[in-house]
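Shown next, in structure tokens, is the structure this report addresses.
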Amino acid sequence: MLLILADLLSPQELQTARQLLRNARWDDGKDSAGTQARQAKNNQQLPRDSEAGRRIAAMVLAALERSALFLTATLPKRVFPPRVNRYGGEHNHYGDHVDSAVRQLADRHDRLRTDISCTVFLSPPDEYDGGELCIDDTFGPQRVKLPAGHAVIYPGTSVHQVRPVTRGYRMACFFWVESLVRSAEQRRLLYDMDMALLRLRQQHGESPETVALTGSYHNLLRMWADT
């Protein structure tokens, strides 16, 4: 399931993030890539110890916590600490690849399964040419280039790439989610059911039928969740 999270970051948060990035130091993105990804990856990233990166990551995590759409679509168990990357100049693209199934967390004592990938766009689309996030999965090929502050989530199993940036710079925040529900198909069913329940409540309130279906939703989640 591919889903757009419109205005995940507020205008004030976005302005703060862009101010933090004005004088940031960037590292070669290949330094954090695996064997396969190193062949395709040509971008830059903020260092792990970057103060700007830490502050932007904290803003993004806070925004995720208040996004009901993110919570119902991903059913998050854990979120990989967000990182910030940049495409432009000589470091302008990332070829076809699949994200690593498991990521080492910063403390090196734990790992996270990458069920869901997420990109939060930090640059307005009129500031750069190219740079589309191209995702190829069971829902068909998709080209994603969103307004600054918007985010996209999609299955971590997807083959995807970032097209070359031919003018300007494309900055974004990226991370992965380990879901309580491992199966993308089961997550989609739960999401569709939750959205239908929301509409039922709006139309009929807490009717006996709505209460019964809510119970079915939670029983399915109880059956499928890995806590």
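Just so it is clear, glycine is given a Cβ too, placed from its N, Cα and C backbone atoms.
Per Swiss-Prot, Fe cation is bound by HIS97, ASP99; the candidate from HIS150, HIS160, HIS204 named for the same site is HIS160. Of all the Cβ atoms in the protein chains shown, 19 others lie within 10 Å of the Cβ of ASP99 (Fe cation binding site). The Fe cation site is defined by HIS97, ASP99, HIS160, and by the 8 Å test on Cβ atoms against their centroid, the other residues of the chain that qualify are ALA37, TYR94, ASP96, VAL98, SER117, SER158, VAL159, GLN161. On the backbone, the CA of ASP99 (Fe cation binding site) and the CA of ARG170 (2-oxoglutarate binding site) stand 20 Å apart.
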